[in-house]
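Database features, via Swiss-Prot:
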- Gly49, Ala50, Gly51, Pro52, Ala53, Gly54: FAD binding site (BINDING)
- Gly226, Cys227, Gly228, Asn229, Ser230, Gly231: NADP(+) binding site (BINDING)
Amino acid sequence: MDCFAETEGKRAHDPLYQRRAAAAATPATGVPVDDVDKVVDVPGAVIVGAGPAGVAVGALLGLRGVAYVVLERCGCIASLWRHRTYDRLCLHLPKRFCELPLRPFPASFPEYPTRDQFLGYLDAYAREFGVEPVFRRAVISAEYDGESWWVYTREVVAAAAGGEQAVLGCTMTVYRSRWLVVATGENAEPVVPEMDGAGRFKGQMMHSSEYRNGDGYAGKKVLVVGCGNSGMEVSLDLCNHNARASMVVRDTVHVLPREILGFSTFGLSMWLLRWLSVQTVDWLVLLLSFLVFGDTARLGIPRPSLGPFELKSVSGKTPVLDVGTLAKIKSGDIKVTPAIQCFQEHGVEFVDGSTEEFDVVILATGYKSNVPYWLKEKEFFSEKDGFPRKGNAWKGQNGLYAVGFSRRGLSGVSMDANNIVQDIVQRLHDMGYERSENN
């Protein structure tokens, strides 16, 4: 029996739907919408986002017999991984820390699976647990009316490309549910900062989400703006393709070896944190990093005053796990530059007064949450950055949940998903519903 009840039609005689459509849809999109075309009642949860987080929650809900629908604005699961990452990307942490609930990675996979291996794992995971998202469905607004969540969506008729916004259709479908799971994650939208004179630059400029590999960059002078994991790896990839790469370092950053003495730095640190304080583990990790790299400040990469794991706990700032970039910096194959003062027609002026010409600028300036743009709720999520106001929070009020916002990567996704599904099942039990679990 179909667990979703659909009510279709223009609803010309229903003022409730007319009022909601006019108030929520038109201002959010700027495109006139006559009214609601369809309302879908979901006797369970609406999950917004079909990345690893949304797929994991859907899989666990399905196993517990709880109805759900996953809404995804793109035409595939894990669209960030599939369409906005560089080809050489591998998981930065060992695979045991990146598994989704109930299914380990295949034993044949390397310790750090490639992007394509991870995507294959996600596709197989979704098939195994029967997670079938509603694709090309953009959520433009979601609000709680005192009883249910109303999630307003429009069909994506043309995907976003080249910095342009996606084109949305004119008909609206509303999903109404008791629970809303926000699974759009920390990296929903690229961050493109305002930079003085950027419009004057006549070379090529792109965000790192558009970069795939170094083919075609040989011999070109490329400036990578940003020194996080993406900036470091893009710079390394460019160097390996014989580009003349430079990397902007405008702030302090912790760079750690991905492995120490054959052990994962992250895994070793997590093991030590069972018995030692964060400050002690930071001291040990930084000592070992110094033995491997030397003083990174001499390379133009100063470290923060707080240790890497203490800094992560108080600010969410993730240390960089080096995969070979620092060796290229030491050899002079990758140049480190200070922050940009302003752009010129053919290059940039740096804050130290020096200037240099570049053919290409790649902005490895990160991503941001898009939750404030569509979720009409101000208590749980911050309007400033689109993250839960309390660190590691996964549960809000009125059946609102967040998965994948803990700044703990894929390991945090699994923890959040398990907590959310257990809470929903307990609420159903408290309401007197008994659902059979799938075997």
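Note: Cβ is positioned from N, Cα and C throughout, glycine not excepted.
The C-beta environment of Gly228 (NADP(+) binding site), restricted to residues of the same chain at least 6 apart in sequence and closer than 8 Å, consists of Val253, Thr318, Val320, Ala364, Gly366. Counting only same-chain residues at least 6 apart in sequence, those with a Cβ under 8 Å from the Cβ of Pro52 (FAD binding site) are Ala78, Leu100, Leu122, Gly404, Leu410, Val413. Of the candidate binding-site residues, Gly49, Ala50, Ala53, the one lying closest to Asn229 (NADP(+) binding site) when CA atoms are compared is Ala53. Over all protein chains present, the Cβ of Gly226 (NADP(+) binding site) has 25 other Cβ atoms lying within 10 Å. Classification of Gly231 (NADP(+) binding site) by DSSP places it within a helix. In this structure the C-alpha atoms belonging to Ala50 (FAD binding site) and Ser230 (NADP(+) binding site) are separated by 22 Å. Most Cβ neighbours within 10 Å among the binding-site residues Asn229, Ser230: this distinction goes to Ser230. A distance of 21 Å separates the Cα atom of Ala53 (FAD binding site) from that of Ser230 (NADP(+) binding site). A helical conformation is recorded for Pro52 (FAD binding site) in the three-state DSSP classification.
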